[in-house]
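Chemist: Okay, here's the structure, questions in a sec.
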C-alpha cells in the first residue's frame, strides 16, 4: 500500500486540512527479474581520513584512532603557521615573476582570479536569496577580474549587471565586454544606477582598485565608494546588499588598510594569490583566498604559507568562520509537487528515475547514503557508505566484515538507508533486511576496483584501534612492493558486500513553508 504523508498536509481542492494519512493501491510488478542499473557499480572515491589522537595531557578522554582506509590528504592548515600576507612590493614582484619566467599571461591570471571570485560568492550567497548582482569595475586588472567574475556568475545562474565607467580600450578588456554583451548582461552607466542600491541588488562586487592603486580615487569612483560607505553603515545586513571586495577594498591602503576609518566595510574579501597586508584589518564574516595557480618556485622564493584548496574548488576560506545562530538556519524549498499519480508503479523504478536525475544534475557522489544499523540491544549507529549496485533484489555496498556495522548486522539484520540530494530538495528512505552478497559477487567487484583501493581494503582493519596513521602508510607501502609486478591481489576474507532487501520506500520532496511531500510504499514478501 502507498501511504502519503506531508509534514503539514496541504489543502487540496478535494480534501480538507485534516491531518491524516491515506492509502491507495501501489502494486509491484509481478516479475522479480534482476535489472541492474547501468551506472552501477560506481567508482570508489578516496577513503575518509582516520580520527586524530588527542594529546595525552588533555583533560578530555583520549580520541581513539579507528583503523580507516588509507588516504593521502592535505593538511587543514599551512603547516600550522599563519597565512602569509604580502606587501605591495611583494605582490607586484610575484605578478611580474608569474608573467615573466613562469609563462603566465595577464588574461590567464585574470580568468583564474575572476573564477575564484565567482566561486567564493556562490559558496556563501546562495541563489534564491542573492540573485541580483552589481559588479563595479575599475579601469585596471582588478576591473578585468570583475568582468570575468560577472561572466561566471551568469553561468552559475545569477543575474549580474556591470557598472564599468572607464572602459579600458585594450583588446583584452574589449573582448571581455563583448563576451558579457553576448550573454545579454546589462552594462549600467553610473548616472543610471538607482539611488537606493538596496532595492535592486542583493550583492555588490567591488572590483574598482587592486593592490597597485595609490593616491585618491577620482570621479566617478569616489562617489561610488562613498555609496558603498553609506551602505556599510546600515546595521541590518538583511536590509542591504552584501558587499564583496576583490583583493583590496577600494579606497583602502594596500598595507595599512582603512587608514582614516572612513572607508566601507565589506562583508566578504576575496584575496588573490595571497592576502595583502591590509587584509589583517578586515573584520567581515567571510574571507576567502582565490587564485589556485601559485607554483612552487613562488612559494619557495617568498616563503609563502597558504592553506590547501579543498577538492576541486577555486577558493578556500581563511580566517575565523562567522558565528551562526543555528536556530535561524532554514531553507524555503521550491520544488515541483510529488503527486501520487506521477510516481512510477514500482518503487525500484521510481528510485532509479530519481537516481538518474541526480547523476544527470552533476551532484557530487549521488550514490552516497547514510546506513543505520543497530546491535542486538537496539543501540543505533550511522555512517556514510557508497551504493555500488541496485536492482530489483536490493541495494548493495561493500565494507570490512570486521567493522562495527558488520558486527551490528550479524546481531540484527535490519537496517535503513537514506539518500539525500540537497540540491534537488529530495531524499529517499529505504528500510529492510540485510544479507551478505555471494562470495563470487564480492570477488568480482573487488577486482574491478583500482589497485590502490584493493590494497587499502587489505590494510584497513576497520573499527580496530591503531597507534597512528604511519602504521597504515607503512603497511600500504609493504603491500605495494609485494604486488609491484602486477600480480593479482587476493581479496581478503574479511571484506565483501551486503545487500539490503527493501521492505519500505519513502520518497520525500521538500516544499515551501514546510508542507513537504512524502510518498511511502511498503513492499510485500518477495520470493
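Each Cβ is built from the backbone N, Cα and C atoms, and glycine gets one as well.
Automatic, uncurated: that is what TrEMBL annotation is.
Annotations per TrEMBL:
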BINDING   141, 142, 143, 144, 145, 210, 211, 212, 213, 214, 215, 216, 247  (6S)-NADPHX binding site
BINDING   142, 206, 250  K(+) binding site
DOMAIN    91-306  domain 'YjeF N-terminal'
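In the displayed structure, how are the listed features positioned relative to their neighbours?
Modeler: In sequence order, 207, 208, 209, 210, 213, 246, 247, 248 are the residues near residue 142 (K(+) binding site), counting only same-chain partners six or more apart with C-beta under 8 A.
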Chemist: Give the sequence-ordered set of same-chain residues, not counting 142, 206, 250, with Cβ within 8 Å of the centre of the Cβ atoms defining the K(+) site.
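Modeler: The answer, listed by sequence position, is 136, 138, 143, 146, 207, 208, 209, 210, 245, 246, 247, 248, 249.
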Chemist: Report, as a single number, how many Cβ atoms besides its own are within 10 Å of the Cβ of residue 215 ((6S)-NADPHX binding site).
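Modeler: Residue 215 ((6S)-NADPHX binding site): 6 neighbouring Cβ atoms within 10 Å.
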Chemist: To the nearest Å, how far is the Cα of residue 145 ((6S)-NADPHX binding site) from the Cα of residue 250 (K(+) binding site)?
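Modeler: With the alpha carbons as reference points, the distance is 14 Å.
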Chemist: Please name the residue among the binding-site residues 145, 206, 247 whose C-beta has the most neighbouring C-beta atoms within 10 angstroms.
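Modeler: Of the binding-site residues 145, 206, 247, the most buried by Cβ count within 10 Å is 145.
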Chemist: Please name the residue among the binding-site residues 211, 213 whose C-beta has the most neighbouring C-beta atoms within 10 angstroms.
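Modeler: Per the Cβ count, the most surrounded site is 211.
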Chemist: Using Cα-Cα distances with a 10 Å cut-off, which of the binding-site residues 141, 143, 211, 215 are near residue 250 (K(+) binding site)?
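Modeler: Those near residue 250 (K(+) binding site) - Cα within 10 Å - are 211, in sequence order.
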